[in-house]
Amino acid sequence: MRCGAVERGLGRTAVGSLLAQRNRAADLVVQSYSGADSCVMAKSTRIALLSVAVAVISVLGFVAPSQAAPPGRIDPRPSTAELARKLDELQRRSHGAIEVSAIGKSNQGRPVWSARVGDGPLRVLYVTQQHGDEPLGTVAALEFLREAGVGQSRYQRWLRSQVTVDIVVRANPDGHELNWRYNYAPDAAPEYGEAGKGYDINRYHDPAVAPENNPATEAGLIQRHYAEFQPQIVVDYHMQGRYVDGGGREITASLMWPTNRGVTPSNLELAKQVSVVAQRSMTEGGANVSQYPGGDYQGIARNAYGLRGSVLIELSDMGSQHEQAQIDSALRSMSAIARSAADGSLRMINPAEADAIPPRGEPVPQAAAAGTHSD
């Protein structure tokens, strides 16, 4: 147990019977191909494809428990204390498959949590809620941890043997409690942020700035955690305003790969492949996914960690009536990225398919008046 300080308490009930049925179906396939080769990832971020037998698992589609919506209504905005209780419950129920630890503390002294599942050679990092008022990726991460870590089905054991997924769960707890975008640094005069409030921590990931010199405390924590974990894949979950596509249909999510000119061709290729996996999985659940028109500033996590294959996923803020669907959409992407990395199908994707994802269109008129999020 990596974290002895997590508060103990009650959390959500176990995954429903439909998810259990899907896991049993996954077991049959994994059992059939239990002799297949393992997936190995070198430090150069090259993923060696598994044998065709294991790839068949993904092709047949039996190992996609996230295709079933999470059972019951999920609280989209748990308090930071409740988040700690939920993480502790997941850790206890996983019997060692999930490890929770604090990577540091926010400016107001709240823990910033890491939750890790699996011990495979391929390392994936998900980051949620860098902006405090963008909460849905955090609760999707809890559902992913439950799906991957709570249980001993053959699929779950196989997935955990192939990948290690680490999640910075709610990178900005102060911003969440204050219900604003920034961290808490009221005495700062930030280049990116708001005087009297704090820093926009997603502008302070420049690899040229050492974590100990980072003025945005929580960004420095993520930098240090990244350096220690050394992931091959990074996905950063945010929320955006409301937009339509070229045909007038509302966009439910947007994504983008790194666009900084310093990103190597191999890292850009991998990030585009991850983007295609995310777009496909979310679309299968009914989402309408576009490209995100992001900039190339290297202090943004998408570019900073792409300088070393990082992807941005923006869930549209469509109102409370759509929040459960948006949580499920984020969960689908998390599950599909981990699964495709584990079974080798990720590297079979033509990265040029990412360029065919349609651009984001104009703001929804009534939403434009209320302002929009940015990455």
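Any Cβ shown, glycine's included, is placed from N, Cα and C.
Pulled from TrEMBL:
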ACT_SITE  E314  active site, proton donor/acceptor
DOMAIN    75-341  domain 'Peptidase M14'
REGION    354-375  region 'Disordered'
TRANSMEM  47-64  transmembrane segment
Cβ-Cβ neighbours of E314 (active site, proton donor/acceptor) (radius 10 Å): 28
Within the predicted model, mean pLDDT of the domain 'Peptidase M14' (75-341): 94
